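Visitor: For reference, TrEMBL lists these features for the protein:
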type   : residues  : note
DOMAIN : A:15-99   : domain 'Acyl-CoA dehydrogenase/oxidase N-terminal'
DOMAIN : A:226-357 : domain 'Acyl-CoA dehydrogenase/oxidase C-terminal'
Amino acid sequence: MTVEQIPSLLYSPIEDDLRSSVRSVLADHASWQSVLALTESVATVDQTLWRVLADEVGVTGLAIAEEHGGAGASWRETAVVLEELGRAVAPVPFLGSSVFSTALLLGLRVDDLLESVASGTRVAAVVVSAAQQVPRAHRSAILVGDSASAHVPGVLDALTADILLIPTAAGDIVAVEASDPGVRITPVVSLDMTRQLADIRVDGASARLLGRGTAASSALSTAWTITAALLASEQLGVAEWCLEAGVGYLKERRQFGQLIGSYQALQHRCADLWVEIAQARAVARYAAACAAEGSGDLEIAAALAQSVCSEVAVSAAEICVQLHGGIGFTWEFPAHLYLKRAKSAALVLGAADGHRARLGGLIDLTPADAPGSAHPAEEPS
Amino acid sequence: MSASPPLDGGSLAALTDAFLATHTPGSMDDLEFLRARFDAGLAVVSQPAGLGGLGASAELQEQVDLAFANAGSPDNRSAYNIIGLGMAAPTLLRFGTSAQQQRWLRPLWTGENIWCQLFSEPGAGSDLASVATSAVRTEAGWVINGQKVWTSLAHEASFALLLARTDPDAPKHRGMSYFVVDMFSPGVDVRPLRQVTGETEFNEVFLTDVLVPEENRLDEVGNGWKVATGTLMNERMALGAATPPREGGPIGSLTDLWRTRPDLRRPALHDRVLRLWVQAESLRLMAARLRQQQLAGQPGPEGSGAKLAYAQLAQETSSLELDLLGDEGLRYDDWTARRPEIGDLGDRTAGFRYLRAKGNSIEGGTSEVMRNIIAERVLGLPPGPRPDRDTPWKELPR
């Protein structure tokens, strides 16, 4: 294996500034109380916040060149936005539209749609089930002439989508306007209501062909990998919030006459989690850098980042609930929002075991019974 | 303090070239060459002029070392003198008098003097501040009595860093002083200590009426804890100079085994191998990030976390290697009580690595102590109750 040059895993001053801007917008628009209230309302996506992020902060097209309506930055900066969105469990379709759909449109070179999605004026969703382990079209998705049909359950960030990007079973990718009379988008009662899923039914809607054959499948695969790489940063943000909240509580809660944060049993859980988060930060930054550079190591970096960050975010959220004791179990405290986001995000794009299995193929650590790995047994020397 | 600007890489390269033009490795005595390099300030360039350096940035060390290595410069036994170079030298630079620095730093760097560290005791492990080895002031100097343990390289060392109790009436952190001990002094008895691997990597050191002259004391009487903390800081900061390649370290043995011995593969072990690969790679990237932070002048506290994670990884990796080996894992290569060769870990069996890794979560601060440090110093959690803090040392239960 070659010794690769490790890109910068630090945050640049520009990224620090970007983080502050996004954080301050989220502080104004996405307090946990308002996020919680929104999860119980009819429209669970925060359209106002989305407009502010798109128009005022301009983060919906960071990775897109300015001539295509973007900000001319990269996936690295996009990853910093995701960290902040994760910290706030913000209910906006950033991952599905500004990452997954944007990466797909970028790969397919569909400039007009890319421009409207990058500027945030229109929201797009890739119509695949959110938790599937590989980037694959739903078998019901077909294109007949210029008319598409698809019945796809559990699609990410599709509730407010204007454009549906549908990979078809035949290997094409088509775009359908969500306003087409043949389209029905049904909200799903989701484990994570801060990122509510939707069931999509498309019956004979007017479709525009965006790509076909290997060009389409490779664009889908790359977009999926970039999304996996960047989701890790959102999971990092979730984990950081959970550790900070837990530690904060340990510094104020007294039992047996002392601050419970002085008990080693609790201190050591926090210390272990802190180490795990430090590793999660390194792999998330590495994955974002690989996505930004189009590195040959991107697939490995993405699978690594998902293997690590999915589990770290879930672990952080679970510990956060436990450290808060009874209060952590109530609806009126935000820990449950983070737990639900962490667990759901761990399943989105496939669970950690799937990413590890994928990784095994990429680094030549194949399973015991894999046909390709049946080298003749060597005698021990 | 001179007002001249710090050296840049270019002028340092020129100085190196000029030195190598007049000093040819191999054509002169190795020791004389090393001494001359030290005197030219090209040993540790970040150290002050006159003390082996030129007050340059530490980042420039790598290029100087590379230039000397390419010229075939002799080795200063750096692998052996890890405690001297890594811990004693920074301690002397920070706390030593000018005379002490002049006396010890040059033979330390050239490898003439190997150093060791007399800190831990049978009764003072994690609680190092409870050391009981006494130093009593007499007209002839300080008289040392006590027992130290887990002393690497004591059998090779010319000098030792010693933490001893000078005031048993003071609370424990305030009653210690710090000395440099000549290991050839009468009353110093080094005995090999055999460990779980069968080897004798460490020593016990018995100190009986050892006389240490006044000029060997570092910093003020009673300031021993402050100096020792400074020394240990260097231990925990000691990261390798460069990021190892992917699959460098213990994970490499496991992945090699998995790839080359399909006959050993069992379905249930596959995901465990992958988990350890993921753990190793994320730790490698975390260490790389830590180095990048240090180079950017924003050192992070991740060092203690890296030590903790590395110990766990080394232990789990070698354990899984044994699981994978089955019959072969039941064999051990050598139980002979012998001094290990520095850096021969890779040649030993998985069984040896499994046993040696058990020390990783104990030596240099146990994993539990590392967690305490992270909890209190990084996360700012309130310290646990410490009834011993303000009690005179001699009244503490032992």
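Placement of Cβ uses the backbone N, Cα and C atoms for every residue, glycine included.
Note that this is a predicted model, so its numbers are computed, not measured.
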Visitor: For the domain 'Acyl-CoA dehydrogenase/oxidase C-terminal' (A:226-357), jot down how many residues DSSP puts in helix, in strand and in coil.
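Guide: Computed counts for the domain 'Acyl-CoA dehydrogenase/oxidase C-terminal' (A:226-357) are 108 helix, 4 strand, 20 coil.
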Visitor: Treating G and I as helix alongside H, and B as strand alongside E, what does DSSP give for the domain 'Acyl-CoA dehydrogenase/oxidase N-terminal' (A:15-99) in helix, strand and coil?
Guide: 56 helix, 0 strand, 29 coil
Visitor: Let me know the model's mean pLDDT on the domain 'Acyl-CoA dehydrogenase/oxidase N-terminal' (A:15-99).
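Guide: The predicted confidence over the domain 'Acyl-CoA dehydrogenase/oxidase N-terminal' (A:15-99), as a mean pLDDT, is 95.
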